[in-house]
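This report concerns only the one structure given below.
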Amino acid sequence: MRIYIEEDYEKMSKKAALIVASQIILNPQSVLGLATGSTPVGMYQALVEMYEKDDIDFSEVTTINLDEYYGLSKDNPQSYYSYMMENLFNYINVAKERIHIPNGMARNVVQECLGYEEQIRIAGGIDLQVLGIGANGHIGFNEPSNKLNIRTHLVDLSLETIEDNSRFFENKAEVPRQALSIGIATIMKANQIILLASGASKAEAIREMTSGHLNTQVPASVLQTHPNVSLIIDKDAARLIE
């Protein structure tokens, strides 16, 4: 695992954007696994700026999003579909048919999950997976659990995750209690992974995931076994690393 400690959030975001841009330049038909939440917003802004300067071209890129709230339609402003449109897709030339986000309104959850895995397979697998990390060490919506070798699935969100995500909603009661998420097994099949973290609230999770020990209660710790992982964090998130 490579660890890059940047001065602040802006530099962390630009470092991550450069890695994503390099992947696209090296392989214009790259399959990108994308994350949501507050952490990657700066990276997406930097990628849009690169696109506007004609430094990168998304026309042949395929995107695979990590997750979506279950029970939210894509036109709900808090859906991750809306998030991706507002933060990236509306501003670049990615083809709509190459955008893949789980359907939060799927009636048949099992079929949706199996179908999503099939979309990833047809795309050729994920070349570069972008991840954030929750305060409890979750990646995607893979919460602390005794089961890490799982693929796309419906997950019950932990109380801690619901509390963390309530800042995006009017009140905690509006936060969905379930989500569709790519599983750890699928994430680990990506050719390359970058994980971003910013702020002191993530410092404990970063320490736990880099401790050298695998811990099912810290899902991100499994990334230590992947051959090509880059951890890109700011100084606040790195403050507990020995």
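Each Cβ is built from the backbone N, Cα and C atoms, and glycine gets one as well.
Residues or ranges marked as active site, proton acceptor by Swiss-Prot on the basis of sequence analysis: Asp67, His138. As annotated by Swiss-Prot, active site, for ring-opening step applies to Asn136, Glu143.
Taking the features listed in Swiss-Prot, we show where each one sits on the structure.
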{"residue": "Asp67", "record": "active site, proton acceptor", "CB count, 10 Å": "22"}
{"residue": "Asn136", "record": "active site, for ring-opening step", "CB count, 10 Å": "19"}
{"residue": "His138", "record": "active site, proton acceptor", "CB count, 10 Å": "25"}
{"residue": "Glu143", "record": "active site, for ring-opening step", "CB count, 10 Å": "20"}
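Taking only the Cα positions, the spacing between Glu143 (active site, for ring-opening step) and Asn136 (active site, for ring-opening step) is 8 angstrom.
In three-state terms derived from DSSP, Asp67 (active site, proton acceptor) belongs to an extended strand segment. When the alpha carbons of His138 (active site, proton acceptor) and Asp67 (active site, proton acceptor) are compared, the span between them is 12 angstrom. A separation of roughly 17 Å, to the nearest angstrom, links the Cα atoms of Asp67 (active site, proton acceptor) and Asn136 (active site, for ring-opening step).
DSSP classifies Glu143 (active site, for ring-opening step) as coil under the three-state reduction.
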